[in-house]
Amino acid sequence: MSSVKNVLVCGGGLMGKNIAFVASSVKEHNITIYDVRPVDVEGGIRETMKQLVEAGVITEAELDERLSRIHFTEDMDSDGVKNADLVIEAVFEDMTLKQETFAKLEERCRPDCIFCTNSSVMSPSEISKNLKHRERFVGTHFWNPGHLIPLVEVVRTDATSDETADTVMKFMKDIGKEPCLCNKDVPGFIANRLQHALWREAISIVEHGIADAPTVDKAIKNSFGLRLPQLAPLENSDMVGTDLTYNIHNYVLKSIEDSHEPSPLLTKMKEEGKMGFKSGEGFYKWTPEQIKKCNEDLNAYLIKMLYK
Ligand SMILES: NC(=O)c1ccc[n+]([C@@H]2O[C@H](COP(=O)([O-])OP(=O)(O)OC[C@H]3O[C@@H](n4cnc5c(N)ncnc54)[C@H](O)[C@@H]3O)[C@@H](O)[C@H]2O)c1
């Protein structure tokens, strides 16, 4: 068990509320959410966790008890900030805002309080570059939906101490996550580099008329996508033989997409306002009902995979 008791979540939006809920899975944790605007923390968490209660993953009583340990403040000088053992920042994705937020936190929090940023893409080294105690800073990239996806990428900066990385890894395990340590602060950390290597090829296949979007998705869902949670690429490579992997790469890599720019197809879609769910059309057409169903089906699928 990590030594962390008082958790501060800075930013009570989509990710902040879910992170606070996950942190409350340990009974000894007291959680404060700080935001610059009023946030209905209880209402928001109750709404999101309805599906977990309905699926029997948690009871109403457990939800009530966990909510009783999650407090909200708009006051940067409150005890929840001063007494924090660990802060997870989840404010808007803006470098200056994040740097300013941590500068304010550093003035108020104890020097040994651990600082984490939930930024999806921004460099934790850059976010922490002006801090006095850079050794206590680390990236903690939760994935959305934060209460369901197990992975948290714990990203070391050039200055993160071993003690900080160890404590954060322990903390994440305590709250039921599957933390993965990323030893270098590189764009995309681990999982987004992998994910977007696949997306780049998927988009390229559509762009070059090799197959249309539904066919690409169908091919993935009915082949390696199905077995990925059981057999990941490096295990798979050993299973088939690294010599075979070598031969395949020797033959196929030269024809796989290796562009360092977003694809012309994606650029065209952006220019035409085809932004997916946001505009009702992307690679597919989406009605509001289909969008709602797609989101609900994803959560239901994740709950089934994780808890049933
Ligand atoms: N949404 C995702 O899928 C996702 C996934 C992983 C990581 N993230 C990262 O998490 C962070 C938050 O994303 P989100 O989707 O929850 O955003 P959001 O817009 O839902 O919430 C951001 C919250 O930050 C608050 N805020 C703004 N300035 C603040 C300040 N100075 N102090 C305190 N609070 C402040 C806002 O009022 C808002 O409630 C971003 O860095 C984002 O990249 C998002």
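Just so it is clear, glycine is given a Cβ too, placed from its N, Cα and C backbone atoms.
Model, not experiment: these values are computed from the prediction.
Per TrEMBL, NAD(+) is bound by GLY11, GLY12, GLY13, LEU14, MET15, GLY16, ASP35, GLU93, LYS98, SER120, LYS278; the candidate from ASN130, ASN144, ASN295, ASN299 named for the same site is ASN144. Ranked by how many other Cβ atoms sit within 10 Å of their Cβ, the binding-site residues GLY11, MET15, ASP35, ASN144 place ASN144 at the bottom. The separation of HIS141 (site 'Important for catalytic activity') from LYS98 (NAD(+) binding site), Cα to Cα, is 14 Å.
Largest Cα-Cα distance over the residues recorded as binding NAD(+), namely GLY11, GLY12, GLY13, LEU14, MET15, GLY16, ASP35, GLU93, LYS98, SER120, ASN144, LYS278, equals 26 Å. The two recorded residues, ASP35 (NAD(+) binding site) and HIS141 (site 'Important for catalytic activity'), have Cα atoms 19 Å apart.
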